[in-house]
Amino acid sequence: MAGLKASEDYGINEPSRRRSSAQPGKVKDEKHLDDVGEAVAPPPAYEGFEAERRGSVNLSGEVDGTHRKLKPRHIQLIGIGGTIGTALYVQIGRGLLNGGPASLLIAFTLCPFIRFAGRYVDEAFGFAAGWNFFIFEAILVPFEITACNVVIHYWSDVVPAGGIIAIVLVLYALINLLTVSWYGETEFWAALGKVLLIIGLIIFTFITMLGGNPLGDRFGFRYWNNPGSFAPLYYEGNLGRFLGFLQCLIQASFTIAGPDYVSMAAGEAENPRVVMPKAYNAVFYRLTTFFILGALCVGINVPYNDPELTAAFANGEPGAAASPYVVAMNRLRISVLPDIVNALVLASAFSAGNSYVYCASRSLFGMALEGKAPKIFTRTNRQGVPIYCVLAVLAISLLAFLQVSAGSATVLSWFVSLITASQLINFAVMCFTFLAWYKACNVQGLDRSKLPYRAFWQPYAAWYGFVGCTIMAFVGGYTVFLPGQWSASSFVFSYFMIGLCPVLFIGWKLIKKSKWRKPHELDLRGEVEEIDEYTRNFVQAPYRNLADKWFNKAFGA
């Protein structure tokens, strides 16, 4: 097909061809070097890894068909923008109703790949993890499309749901099929709007709680005392308050993500050795701040028994009508702002869906390069976009049309249950994979302090994440087991991925006869030589204008 090429078509001489065309700096001797420039013997690599590595690593962005065109500002805003969606502005209100302000704040405070799962643990483990992540990301796309439809209907029902869904799908296709730089620019500006929105809502909360509102009401933390900090759920007393807190934890599990999106973009990032360590730290701290302050603000603005908020969720009110911030604006008789918030929430939902199309397509692309998905998904177009991967994700996104018959509130609840379990499994896999890598580093004598990025509080933070996410994955659908709360659809969507992942793992082991990796056998160098070469030859492109320079500096720190 014209314009398409498979990644395996690139020969092993590609690096030398690329070196001759780049603007080279001083190129070091081609051998294994440690961080102080001394020759060392390479750690062991498992059989067949060299061939796999040449077919999958992105050197200067061409060996696997994708291009390294994402700048520092793109990388950070992809991580932040892909995480901040309607859940932080609207769905968070359900957590307030279920658990109260204190439970919501504590839960959000407590809660703040694929290839490595196969390399450092077991190929079967990587296979199951990869498909779980792909399903998780792909299902998030119709979720956000459904949210876009709900938000738009806040203003008018003139355009039918099917028409809105079709328009959003076409826009996603145009953005993601053209070129990665278009995606990066689109996501940067949309994500920047989301960041400004959450900052604006935090400032709004601070001003109004001190009396800066039309009523002159200096309400402060009034609602933490009346009706209280912890809301009982299903039962009265301590049991009810604990269940309310547990529901807030489940809400936080659905809402919070982030660093995994940064990792997905690493293969198309400019100068990853410099950009990625800064991006991980910056995204972590900024997201932690946004989520914790966001949860705090919601509990300040609205009491957990507010009639308007309760009715909005009970009746499936469209758009930002269910947002605690809009409810607070109505309580304080503030006009205009609710429409502005709704418009920005729409942009937030659209941007989040756009990020999920990107991440889902790249995860499928990575699996195809490793033989864990059909080979056709390795093909890219001339712009470096894995075209068939993007089309596959858009095909799954057609599930958004379910709301035409079943109703948006019902479809959103289905997606939320499925996404929550899948996301928790994904986090547990990342933590377990890190622990396997961490153990191999100790066994093979690799000093983590010499790496470009070193996570803190390890391995304890990884154990905390692994145990916590594993438990929460099973707890997520607990309500169906309470007396009078049974729902077959809730049970299936809450536990489908928990049942599917073991099937994928066992199936791959039986078919491929894969073995559990031992620490001394793991390949810890991976694509070091290729990335070293890219770093040596990298030449920073000049900034297009003053704004481009400022944003890259601001989001590259």
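Every residue gets a Cβ built from N, Cα and C, even glycine.
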Ranges 1-41, 493-533: which does TrEMBL label region 'Disordered'?
1-41
Is it true that the transmembrane segment (412-438) and the transmembrane segment (133-155) have 3 or more CB pairs under 8 Å, sequence gap of 6 or more?
yes
By Cβ distance under 8 Å, which residues at least 6 away from the ends of the transmembrane segment (493-511) in the same chain are close to it?
122-125, 127-129, 131-132, 135-136, 414-415, 417-418, 420-422, 425, 473-474, 476-477, 480
I'm checking region-level scores; what's the whole-number mean pLDDT for the domain 'Amino acid permease/ SLC12A' (113-517)?
82
Should anything in the same chain at least six residues away from the transmembrane segment (385-406) have a Cβ under 8 Å from its Cβ atoms, list it; otherwise answer none.
4, 65-66, 137-139, 141-142, 145-146, 149, 160-162, 165, 168-169, 172-173, 176-180, 356-357, 360-362, 364-365, 368, 376-379, 412, 414
State the non-local partners of the transmembrane segment (133-155) in its own chain: residues 6+ outside its ends, Cβ under 8 Å from one of its Cβ atoms.
85-86, 90, 113-114, 161, 164-165, 168-169, 172, 260, 318-321, 339, 342, 345-346, 349-350, 352-353, 356-357, 359-360, 363-364, 367, 392-394, 396-400, 402-403, 408, 411-412, 415-416, 418-419, 422-423, 425-426, 429, 497
